[in-house]
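Engineer: So Swiss-Prot has the following annotated:
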ACT_SITE  175  active site, proton acceptor
ACT_SITE  294  active site, proton acceptor
BINDING   201, 203, 204  Mg(2+) binding site
MOD_RES   3  N-acetylproline
MOD_RES   201  N6-carboxylysine
SITE      334  site 'Transition state stabilizer'
């Protein structure tokens, strides 16, 4: 061993393993406006103190590793390390805690959701000292938000493009989701748009399969859009799914959609990945395309109460990465969504400033500094009887999407669309007249059905349909 190395070892470096809490648990730390703040639900292994578990999360998601290393001395750990600055027990849960962690902004690449998630929800989720770990919320500092483009256009620009104001937008997912030829698919699109819907939608797993290649689908759907626009005098759209196996192919599909003159494309942002999504969002802003986002695969990440990541974090990440619409549950249909929690992340998608509110699952006040908002999309097992509740819960700035609730109408696709449009217009008018949609909703729908045989038929078909299961979270 050289004399120089001996001197270094004697004054600073001590090999071995030490408790994380000695370095990464700092309860006296005062958070900075530039810190990214995280709230983790931590379930330690038996015998692991909560402070050690919280510190381990801070370490493993920032600068730490399992042992002391020489190169710690070559940088300033105090500047770059994550810090667990608070631990609180979860009410009603044994051996479960909320650990608050602050990350210095310099740990993250500007404008990269991919890099942010690689650190914060990376290897730490497989850490043996933890039985389970869930990221409940993030506070994104304004200085970091300003490095992102965000949604391609946002709510107001979309309304201006569509010339539609004062009501939720109506959509429909074309079913069956797989197996139709491009021409038959386009026919269903035309019938739904002609009947009164604003949008129709590719299902998330419609890409470019042998039974319907993407270019054929784009052509027939564009024809359906323009034909229905000419007949109704309204601007229409179909979410053309540009998701593909490579980013290059995805952009090629978006370019073709722009050349056809359609208003909107679609992306599966979790299966496609944040890098691909951000690239597509940039293309859409530069070329005047709206971007609809589907959250396929989200339940793999967010459904377990004790492990993974809450959807509100995925929603915040999407607003940074870019999207004009995103699916957000319904509260009332077949897909999970508890009302106050759902409205919490709906506000995080739409509003410019959201106050901390633990009753709605919001752990931090979030200032979006005028980043454009995202329209929440309610879809999954909804039909005309749900229209009053959906109108009340989601308000005007939303998309209400009825797949089976349109195409399952006994008289066909166009009458199904008519039924939904009449129900929506009736609910909006009743609300504007001061009526209570929550109490009078069924009566409002029945009154409207007297003047719309299409709505009356829909009411009869779905009068007994309910999806009643306990919520997971």
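Each Cβ is built from the backbone N, Cα and C atoms, and glycine gets one as well.
Can you tell me where each of these features sits in the structure?
Structural biologist: Residue 175 (active site, proton acceptor): 16 other CB atoms within 10 A of its CB, across all protein chains.
Remark: residue 294 (active site, proton acceptor) has 204, 241, 266, 267, 268, 269, 326, 327 as non-local neighbours, by Cβ distance under 8 Å and separation of at least 6 in sequence.
Residue 204 (Mg(2+) binding site) falls outside any helix or strand according to DSSP and counts as coil.
Residues near residue 201 (Mg(2+) binding site) in space but far in sequence (CB under 8 A, at least 6 apart, same chain), listed by position: 171, 172, 173, 174, 238, 239, 266, 292, 401, 403.
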Engineer: Got a sec? Which of these binding-site residues, 203, 204, has the most Cβ atoms within 10 Å?
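Structural biologist: Result for the most crowded candidate: 204.
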Engineer: To test your reading of the Mg(2+) site: which residues beyond 201, 203, 204, same chain only, put their Cβ within 8 Å of the Cβ centroid of those residues?
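Structural biologist: The surrounding set, listed in chain order, is 173, 174, 177, 202, 205, 206, 239, 241, 266, 294.
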Engineer: Looking only at C-alpha atoms, tell me how far residue 203 (Mg(2+) binding site) is from residue 175 (active site, proton acceptor), rounded to the nearest Å.
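Structural biologist: Taking the Cα atoms only, residue 203 (Mg(2+) binding site) lies 8 Å from residue 175 (active site, proton acceptor).
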